[in-house]
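Trainee: The feature region 'Disordered' is assigned by TrEMBL to A:1-23. Sequence annotations record features per position, and here TrEMBL assigns Mg(2+) binding site to A:82, A:84, A:97, A:116. Sequence annotations record features per position, and here TrEMBL assigns site 'Transition state stabilizer' to A:99.
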């Protein structure tokens, strides 16, 4: 995200507390930027309408200078209670979250908050298409990972199981998203495939 | 919306420029509060998952005090490029905007921005359920108004036609939403009715 002063917002500002020092979501040509480009491409070519939700901000103080726009003078980043992206594809509701890790062997589950997991579970219950896009930046590998698989691992971790998803599980339960020039993260392609072969998340 | 200092944010702060002095969206027990309550009820009773999107904010300056959360010191309210509410109902994508007017005889079309109208048109094209909820607060009447009807009036106004939707058109093309105790603005009820009788916005 670029702001008017040319500075990029650091991860620390966006996510608090920072769950894991090896997680980045806003640095360089990030996964977020790639997804935004992809969504623009989908929109321009009439494939789907997917938007990133605005960053949730708790506003504390607003000034109203005469003759000019209201200025927010004090505000804080809030933890998101839902996921970052949603929209419509072929009439269906699509909902997902994107995360990047520098880890090489597993993806830590503490990247997700409990209310985000509950949200994803609700979306599946209501027949929505729900997944996460996970990039292992060091491995230059980006996965489409169905929310039902994520929920399975997360529930297991809540019951004392493993606190991360191994790269092996990711390869087995997820789908690699090839990086292309125009469509950096072509997840619709995987949705078509996953939902025709699998009958949707509901049948997990 | 309540903020930590107990103050409510005035309309002027949220929407700039204010399109019409008779439009309110955040005062008293507003339409927004009624819809939020309704959405909570829908969520709690497993009927649908609909959320209000966070207010879009352009962040200019962020301070990082040691040992505490990042503080946004300068930010501005941005004009929304989409609608305020979206989510999933029976697997389908639902997208809507809510507006309140004190007018008694018509609803002014300048309450909607061009990019919002384009967004709604796209949602219809992609098979989503798209509508607006319009409250005539003085008349204590709340309407479910399909986006295709709104687009028709809006395009007509762009070609020199009438700049508002008359109450007569609203009554003819819209559906009154009865105010109930638990479900203040029961729009799902109208969706069920409208989409079964009408075959959806696409055939509108």
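Just so you know, the numbers here start at 1 and follow the chain as drawn.
The backbone N, Cα and C atoms fix where each Cβ goes, and this holds for glycine too.
Mind mapping these onto the model and telling me what they sit next to?
Mentor: Listed in sequence order, A:52, A:53, A:96, A:97, A:98 are the same-chain residues six or more apart from residue A:84 (Mg(2+) binding site) with CB atoms under 8 A from its CB.
For residue A:99 (site 'Transition state stabilizer'), the number of other Cβ atoms no farther than 10 Å from its own Cβ, over all displayed protein chains, is 20.
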Trainee: Measuring Cα to Cα, how far is residue A:99 (site 'Transition state stabilizer') from residue A:116 (Mg(2+) binding site) in Å?
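Mentor: Cα-Cα, rounded: 13 Å.
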Trainee: In terms of Cβ proximity below 8 Å, which recorded positions out of A:84, A:97, A:99, A:116 neighbour chain B?
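Mentor: Near chain B - Cβ to Cβ under 8 Å - we find none.
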Trainee: Other than A:82, A:84, A:97, A:116, which residues of the same chain sit close to Mg(2+)? List them in sequence order, counting a residue when its Cβ is within 8 Å of the Cβ centroid of the site.
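Mentor: The surrounding set, listed in chain order, is A:80, A:83, A:85, A:95, A:96, A:119, A:120.
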